[in-house]
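Among the features that TrEMBL reports, Zn(2+) 1 binding site is placed at B:His81, B:Asp92, B:His189. Annotation source TrEMBL lists Zn(2+) 2 binding site at B:Asp92, B:Glu127, B:His381. The domain 'Peptidase M20 dimerisation' annotation in TrEMBL covers B:210-310.
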2 protein chains.
Amino acid sequence: MVSAAVDGARLLSRLDSFAAIGGLANGGVDRPAFSPADRQARSLIADLARARGFSVAQDSIANLFIRRGAEIGAPLLIGSHLDSQPTGGRFDGALGTLAAFEVLEALEDRSVRTETPVELVVWSNEEGSRFAPGAMGSRAFAAGVMPAGAERDSNGAELRVAIAETRAALAGAVERPLGFPIAGYLELHIEQGPILEKAGLPIGIVEGIQGTTWLAVTMTGESSHAGTTPRDSRRDAAAALVSALGRLQDAIMPGDPAARFTAGRLVSKPDSINVVARQASCTLDLRHPQPERLAAIDAQIRAVLSEAAISHGCSLDIELLLAASPAVFNADLVAAVETAAERLQLPSQRIVSGAFHDALSISAIAPSAMIFVPCRGGISHNEREFVEPEHVVAGAAVLLGATIDAAHRLARRGPGASN
Amino acid sequence: MVSAAVDGARLLSRLDSFAAIGGLANGGVDRPAFSPADRQARSLIADLARARGFSVAQDSIANLFIRRGAEIGAPLLIGSHLDSQPTGGRFDGALGTLAAFEVLEALEDRSVRTETPVELVVWSNEEGSRFAPGAMGSRAFAAGVMPAGAERDSNGAELRVAIAETRAALAGAVERPLGFPIAGYLELHIEQGPILEKAGLPIGIVEGIQGTTWLAVTMTGESSHAGTTPRDSRRDAAAALVSALGRLQDAIMPGDPAARFTAGRLVSKPDSINVVARQASCTLDLRHPQPERLAAIDAQIRAVLSEAAISHGCSLDIELLLAASPAVFNADLVAAVETAAERLQLPSQRIVSGAFHDALSISAIAPSAMIFVPCRGGISHNEREFVEPEHVVAGAAVLLGATIDAAHRLARRGPGASN
């Protein structure tokens, strides 16, 4: 067993330094993708890398790579992202990136040579809040091409120019092709949900990322007088919609604890107190870790909506806005994470990520896994985001152990093995 | 039995003449209260009255009164209104007003002297779409004072000035005090709903006007991540609201055919597809002819909303926007309407008005009743509003018969008898 240990104080101090870049008065950060603050954060990690003798590289979408010395061959990537939401937290992305840097330093401190080369990655534009879609860097890496999306931000700045400026700011970085061969991917991230905190556990062994279906639902009936129109003459679009949504709310999540079902937007027209609604719309966000359950609940949603439409004399339109299949992480890498937590005697549970991460894209091309640490109240994408220092250090320690173990496991895999 | 008959052709021709005042290209009318078109319609009916030797009077809110010759004593008022919605129909109000004028003429044609004086009334500003509240003239008449409400229209015109201009346009009218003593009130109106048309009946014997409760409901929970937050950590305001509304939609109207329950406005915040709603609001319009059922359903609504709020960890706010008790019309006058329909061999059914009318205000101070005729598809407050000519004439004939009978019945009532 290789011996190495993270330096918790070094990591916590680094988190403070990076939180100051684009830092907000109350501890949050504003570090949009390809912004001056994002460039400053990238420059700082590149400077830290060079100071340790690590080499720095980037690809055409400005994904940033840091490797120890002259290790060659397809690497195990470890990392996350450094961009943030406009009023984001200091841990989302930065924790996984700086913990990965701490892993490189811990390995370097003890001159550990892993069986598979280990390389840090800082994915570009994970948040997607300035330029959609999110996970842009990892999507591009996995696909080998730029994803289609917004060409300008809300101020008119061009994505193409913003990427070029970001790449130019990292003078002297080695050029890498988009989507070079990798052996695997490990990412530490805050949970962004309440499960670990509620369970009192410092570590989540992430088995995968749940699938997501986004629907836009519109019921169309007919306006009529709220006082004079009897039930059987009504074509009440709002009644049809709420009747169906009420049934679905009472059925989906109470009937399946792994399901997530959210009607986030509700709108009615003509939006008048004494007029039966002609049209009522909502959006639906459905998530489930199992593709067959995702499909079954999707079918249930459509059936209940259709029944309500018929019962209220309305027509129904359902638009599919997004369909993302669940990602199931690689069993070997998940086992490496679990073994690392066990060796450190850190209590853990297996968990499925509710949120998207760069690991979702990368899991399509290489064995991948993630580690979660709890965040206070499950709050993220918010300046109030907070992770206990002991959980920061625990997460980095598990990432270190899992990296060494995964590097060993990956070295024994033949080429073309399943992801 | 007094003998008199309406002249259907005369009435239909009058309806055409008045529909031209503020007339819209597709047959509707735009004749807002106290507007030049409203003044023109009032002037025309005053001219028609004087041509028959009738006298014209008005009160301080510009309610207009027409009486035959020098009849004295508290009259039976018959009439309706001449103002319209901005894109209103040609029958709403005008039918009842011109049918009442036809009644006066029919009585005059045969020199019939009724046992109670009969007087036509044109109530000011029934619609309330230019200056709220609606039924302004009849409310003021019943209360003896101007109701509180909008002082200016949306263009900044002053109500006070608009009333003064309207009164000044009717030169030579006798001045009447607001709320002078009356013996009773009869009003013919289009149903503005689908019941009579569906039943294939030309006449509705209106027993009363249902009670109305308007509520503004707000559920408040907490925003969270739609993907990561499990059911038991959610405080989903939209889920709480739709769950309650779904139950209420399925329970209230299916369980009580006389109830009308409408959630006309639906709003959620922050109105984002992948964020659990922090706040969800709706308006509720509840109507019922029986006060005890209105109260019972109101209580049911509050209980179901409260249960859903608790079940979803939300707080609930319910604001009472309007509480109007049901009006039960005078049994003698309702019987007079029913007897008139029977004598004319016009099929009818008893019906409760779903919409407000001037008779709601007046029933509080004098015996009142109404007659309904069907309108196509139940459509009103719309340029497509349409009444079959045979139903126009049938309605006027019932109004004539009921007027004569009611004048007889009211003459036999002692002073201080119940309304």
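Don't overthink the numbers, they just go from 1 along the chain as shown.
From the backbone N, Cα and C atoms, a Cβ is placed for every residue, glycine too.
Where in this structure would I find these features, and how exposed are they?
Neighbour list (B:Asp92 (Zn(2+) 1 binding site), Cβ cut-off 8 Å, at least 6 residues apart, same chain): B:Ser84, B:Gln85, B:His189, B:Ile190, B:Gln192, B:Ser380, B:His381, B:Glu385.
Residue environment of B:Glu127 (Zn(2+) 2 binding site) contains 22 other Cβ atoms, counted within 10 Å of its Cβ in all protein chains.
DSSP labels the residues of the domain 'Peptidase M20 dimerisation' (B:210-310) in these numbers: 42 helix, 33 strand, 26 coil.
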How long is the line from the C-alpha of B:His81 (Zn(2+) 1 binding site) to the C-alpha of B:Glu127 (Zn(2+) 2 binding site), rounded to the nearest angstrom?
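Cα-Cα, rounded: 9 Å.
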Identify which of the binding-site residues B:His81, B:His189, B:His381 has its Cβ surrounded by the largest number of other Cβ atoms within 10 Å, counting every protein chain shown.
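The residue with the densest Cβ neighbourhood is B:His81.
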May I ask you to report the DSSP-based helix, strand or coil state of B:Asp92 (Zn(2+) 1 binding site)?
coil
